[in-house]
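Shown next, in structure tokens, is the structure this report addresses.
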2 protein chains.
Amino acid sequence: MTVTAPRGFRAAGVTAGLKSSGAPDVALVVNDGPDATAAGVFTANRVKAAPVLWSQQVLRGGVVRAVVLNSGGANACTGSPGFQDTHATAEYTASALTGSAGRLILGAGDVAVCSTGLIGERLPMDRLLPGVRAAVRGLSRSGGQAAAEAIMTTDTRPKTTVANGSGWTVGGMAKGAGMLAPAMATMLCVLTTDAVAGPEALDAALRAACRVTFDRIDSDGCMSTNDTVLLLASGASGIAPTDLELAAAVTAACHDLAQQLIADAEGATKQIAIDVVGAADEDDAVEVGRAVARNNLVKTALFGNDPNWGRILAAVGTTRAIFEPDAVDVAVNGVWVCRSGAAAEDRSTVDLSGRDVTIRIDLHAGRRSATVWTNDLSHAYVHENSAYST
Amino acid sequence: MTVTAPRGFRAAGVTAGLKSSGAPDVALVVNDGPDATAAGVFTANRVKAAPVLWSQQVLRGGVVRAVVLNSGGANACTGSPGFQDTHATAEYTASALTGSAGRLILGAGDVAVCSTGLIGERLPMDRLLPGVRAAVRGLSRSGGQAAAEAIMTTDTRPKTTVANGSGWTVGGMAKGAGMLAPAMATMLCVLTTDAVAGPEALDAALRAACRVTFDRIDSDGCMSTNDTVLLLASGASGIAPTDLELAAAVTAACHDLAQQLIADAEGATKQIAIDVVGAADEDDAVEVGRAVARNNLVKTALFGNDPNWGRILAAVGTTRAIFEPDAVDVAVNGVWVCRSGAAAEDRSTVDLSGRDVTIRIDLHAGRRSATVWTNDLSHAYVHENSAYST
């Protein structure tokens, strides 16, 4: 049921004709309340798409009553006209919802907007707005799955999740298959909850969750212009969880979606967890994990089923983390192929035939740790990203 | 003639059997003087190969009488035994040269060592030392080309250069085809000159040259454990150039070799110059150029002949350089496909059919500029780096 699992939400997914494939491309998520509190986290890229600039403004008030999302066009690098298109989309959505729901009177400022697809082209508004109209008509308490399908781009499957609190629920959907990077990915994610929570509590929970989930998946090191994660609360359960309970459930939902994103990364044949342990602090552990996750030579070696620990150590050596080069241990799928910075157990005993790979790096510099997730660099990645514009 | 173009140098390249292919794998460059001043620049990677640690010590004295180089093994991540191997190699070379040349009495501390090849494995000393002996016997004033061939790994051709001063000359050889990265590449480079110059002048000239040449080529963003650039001066011309004259000639030699390296990068089908102009300062320009050069989505798009300026802009947006997103212009091969952060000239008019690509990015934030060179990300890159351990 995804975003419609918690009480108080309706959703829809329709085909507006933005994609030449004829696949669904417009999604709508509506919060019927009684509350409409919200929080958002956005791309750290300084080149931000129009819908990101718009939704950041909307979120400032801590209230979001609806989210309209489209695939088939990112509306990024489109200048003022692109921003006007986003504004018009929010305005049209608000007006269509006001007419349809009867109960609520919405303004454009109540509507967040998300877009994903090719950068640098204007959206065909003559197709998008009729799509929004159809989505409003199609809204239902079971529309979460259709919404999750309508935001897909190169994803091979929709990503949805549910995390249960005590008498309340978090639901979510996400898209993203390439451009996954620290400080997020070309990913859109909408999370909903029927918990009672103010904007500050939602913001704290969402930031804590993103920091250890979406911010630690790194598919290809490329940061997108459109990344958006939204958390909407309806309060329909009547239950106000503690900050910790809320953060735990939101983190569980984000973790589940993040793993689905990395599992479906463009052209990946391996799903790689990089566990960095023995770090002086968590930042060091994350920096080392990211350096390994972004190293094309490590990623191609793993695509070739080669437990090339030398390339891993060379990647670790590019960081500013605290460690001594001749103290580092590296294990690949449980075999400690490197001890004290030199060859140890027989690398030929490493089994890399499966899809899951775990690299464990012990810096021997402290007691902190972190895990970063990535995938390999394959022919299919090169093919997908050279043959198609995104 | 490469490293033997300047007077006062002899060189050799022989087959010691370190490579299973039977290709030449040991090179020797000897400075017959009268001077033996030298300078070196080494990898910024904190995981440094044994020969790098050794040669850094040797260079501290500002004197190098011989350089012994091997391909077929990097001697990196080999612990204390690996360092002992390097020491033994220098000692053996010094002793063999003392016996052969008759004139000079060399110590291990006069001999720099460079290695390149697979990380994490010990060198077969029982083959390397006889190779050194054969190289000493083969030394000649015309041995530069053989030396350049003996240091090749995945290079498809040797890289050599000559730059002429007024009555003096700079010669050079280099290897490197992958792992090219800022702060250098898996590259070895030996430059020679018959100019008269002290170690400080050589050091200043070499650093100035590397900063704008080897440090600005970025093949795959991966920094190696073995990078070494050495500059040896024999003084045999009897002419002492000014600091500027020396730096100019050394820079010309390094630029020529750097372009040969990027032209021969593993699996590349495009040679890409990223000209960043209108920057507030040179560091900004270099940071922007590197961010674009390292972006896998930009590199795969160019492999696919797609002038995807949106991906370029997204890469620029990840930097801390001074610029306004809606002020940036981007041209690909002369066509300004992006003006003021949005679509401009027709992207279909960009001709990407050739091997050379120029991306010009105008930040409109000042008057400084820099060029970074890279290549595309191709199927052949993935194949070379997944099928072979390096």
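Counting begins at 1 with the first residue displayed.
Using N, Cα and C of the backbone, Cβ positions are placed for all residues, glycine too.
Taken residue by residue with DSSP, B:THR186 (active site, nucleophile) is part of neither helix nor strand, so it is coil. Within 10 Å of the C-beta of B:THR186 (active site, nucleophile) we count 32 further C-beta atoms, all protein chains included. The annotation active site, nucleophile is assigned in TrEMBL to B:THR186.
Residues or ranges marked as substrate binding site by TrEMBL: B:THR153, B:LYS175, B:THR186, B:GLU266, B:ASN385, B:THR390. B:GLU266 (substrate binding site) falls outside any helix or strand according to DSSP and counts as coil.
Contacting chain A by the Cβ rule (under 8 Å between Cβ atoms), the recorded positions B:THR153, B:LYS175, B:THR186, B:GLU266, B:ASN385 reduce to B:ASN385. Taking the C-alpha positions, the distance from B:THR186 (active site, nucleophile) to B:LYS175 (substrate binding site) comes to 8 Å. Here the binding-site residues are B:THR153, B:ASN385, and the one with the most other Cβ atoms within 10 Å of its Cβ is B:ASN385.
DSSP assigns B:ASN385 (substrate binding site) to a helix. The Cβ of B:LYS175 (substrate binding site) has 29 other Cβ atoms within 10 Å, all protein chains considered.
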